[in-house]
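Features reported for this protein in TrEMBL:
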ACT_SITE  His112  active site, proton donor
BINDING   His11  substrate binding site
DOMAIN    1-152  domain 'Urease'
Amino acid sequence: IRAGACALKLHEDWGTTPAAIDCCLGVAEGQDIQVMIHTDTLNESGFVENTLAAIAGRTIHAYHTEGAGGGHAPDIIRVVGSQNVIPSSTNPTRPYTKNTIEEHLDMLMVCHHLDRSIPEDVAFAESRIRRETIAAEDILHDLRAFSIISSD
């Protein structure tokens, strides 16, 4: 931060536990910087309710609010209803793109270093491809429920 960082990022790959969320937001408030979060897809450290409780009304930018690139399964999309959460779509499911569903499994397998020969890896990747929320994403942008398209 002293060297010029303007934000902190919480990511499920390194742990988005309620304690990490609270600590990060506390530091951000003290330093007057923003926080982005990619929530816990596997719900290992809690569910969307636990994450919202840890956020405690503080401002945060949520990646993958559509729930297809990650984030609490199956209901991360609920954060759209929180006034303090800035929801975004993320590059894996950008609105108005072609072949999103068709290419998503390969993208997930590569980006998360998963192995097609391991059934659990494939099942995990497939569980993150939620056609319904990807389809809703375009509409939610049109309704201004999603504020941003970002990269993760």
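Using the three backbone atoms N, Cα and C, a Cβ is placed for every residue, glycine included.
Within the model, the domain 'Urease' (1-152) shows a mean pLDDT value of 89, rounded to a whole number.
The separation of His112 (active site, proton donor) from the residue listed as 'substrate binding site', Cα to Cα, is 13 Å. The secondary structure of His112 (active site, proton donor), as reduced to three states from DSSP, is coil rather than helix or strand. Counting only same-chain residues at least 6 apart in sequence, those with a Cβ under 8 Å from the Cβ of the residue listed as 'active site, proton donor' are Ala125. Its Cβ placed at the centre, His11 (substrate binding site) has 16 other Cβ atoms within 10 Å.
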